[in-house]
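One structure is given below, encoded as structure tokens.
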Amino acid sequence: MSPPLPAFLLLISIAFTSASVVPLQPGFYAKTCPEAEFIVKDVMRRNMIREPRSAASVMRFQFHDCFVNGCDASMLLDDTPNMLGEKLSLSNIDSLRSYEVIDEIKEELERVCPGTVSCADIIIMASRDAVVLSGGPDWEVKLGREDSLTASQEDANNIMPSPRANASLLMELFEGYNLSVKDMVALSGSHSIGQARCFSIVFRLYNQSGSGKPDPTIEPRYKEKLNRLCPLGGDENVTGDLDATPTMFDNRYFKDLVAGRGFLNSDQTLYTFPETRKYVALFSKDQRTFFNAFVEGMIKMGDLQSGRPGEIRSNCRMVNSRPVNALLES
């Protein structure tokens with residue numbers, strides 16, 4: 001008899017079983033909204049000028065959306081009296097930001113092509129453009145997704161990993177989506193840009209695994225820097241750079257992991273675990289190989305769908321108003 005699946009893998013199995021998925025294809029809006037991809041990229045560019053951190057925030061939307069019941073923009077829904085959405089889930093609260101960027105993109109698209117471009121596709125396009133505009137690789141995205149009719153804070157809490165996670169847990173999680181170890185390490189390279197809070201690392205600095213001691217894998221001079229940034233009892237909302245080039249999408253993240261200068265525990269363990277170490281070493285030496293693997297992983301992650309009924313929202317923060325007869329039939 002097979003051992004029971006961990007809770008998060010059971011959720012994944014249920015969510016993606018017997019799914020009637022929507023076919024995705026490049027150029028999906030070529031006839032219905034030919035300016036769609038240009039508009040998304042233009043709004044992303046303007047927002048990155050105003051607030052450089054928006055690039056990292058928006059790029060990570062794809063991961064946070066697609067891993068919780070597929071790429072359906074469920075993470076963008078605000079809470080309602082009858083639904084606790086994903087924005088206040090453990091992995092998103094005080095972490096994800098820049099929702100207003102998606103709002104701005106949607107507003108411009110609705111003016112040009114009302115009721116045509118889904119919020120789920122906006123996340124996919126905007127995530128790609130955040131990478132490109134930060135100096136990373138470009139790729140053709142597959143489009144044609146629908147937006148979910150609901151969201152689940154509980155599912156997000158049960159599925160999304162903590163910054164305290166290690167490489168073993170991450171491998172298990174990604175395997176549930178048919179993403180390989182190489183995919184997982186490459187997609188972790190999204191931390192090539194952006195910042196994270198001291199809240200996510202104080203345990204590494206002062207009480208790793210309940211030892212009362214710091215994580216021994218942290219390079220000593222880097223640990224001194226982190227101690228100054230995140231003193232014990234200090235403000236845990238202070239942020240630090242995830243790698244040494246936090247606004248440039250490159251392979252510096254992997255070079256830092258090799259040097260013991262990973263900010264998050266979940267990142268540094270990629271170099272301490274044998275199964276993932278070889279890919280960290282490879283990507284640290286060959287940026288082109290990293291870029292190619294990252295693109296492959298993003299495309300595969302973008303294919304995740306639950307097959308649940310959907311719609312094209314007019315406002316990414318809420319489902320469309322439905323006729324009374326439709327409500328009675330649901």
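Placement of Cβ uses the backbone N, Cα and C atoms for every residue, glycine included.
When the candidates Cys66, Cys71, Cys113 are compared with TrEMBL, only one is recorded as disulfide-bonded to Cys33, and it is Cys113. With the fewest other C-beta atoms within 10 Å around its C-beta, Cys113 stands out among the disulfide-bonded residues Cys66, Cys113, Cys119, Cys230. Contacts of Arg60 (site 'Transition state stabilizer') defined by a Cβ separation under 8 A and a same-chain sequence distance of 6+ are given as Leu96, Ser127, Ser190, Gly194, in order along the sequence.
Excluding Asp243, Thr245, Asp250, which define the Ca(2+) 2 site, the same chain contributes Ser192, Ile193, Ala244, Pro246, Met248, Phe249, Asn251, Arg252, Tyr253, Lys255, Asp256 within 8 Å (Cβ to the Cβ centroid), listed in sequence order. Between the alpha carbons (Cα) of Cys119 (disulfide bond) and Asp250 (Ca(2+) 2 binding site) lies a span of roughly 28 Å.
Residues belonging to the domain 'Plant heme peroxidase family profile' (23-320) score a mean pLDDT of 96 in the model.
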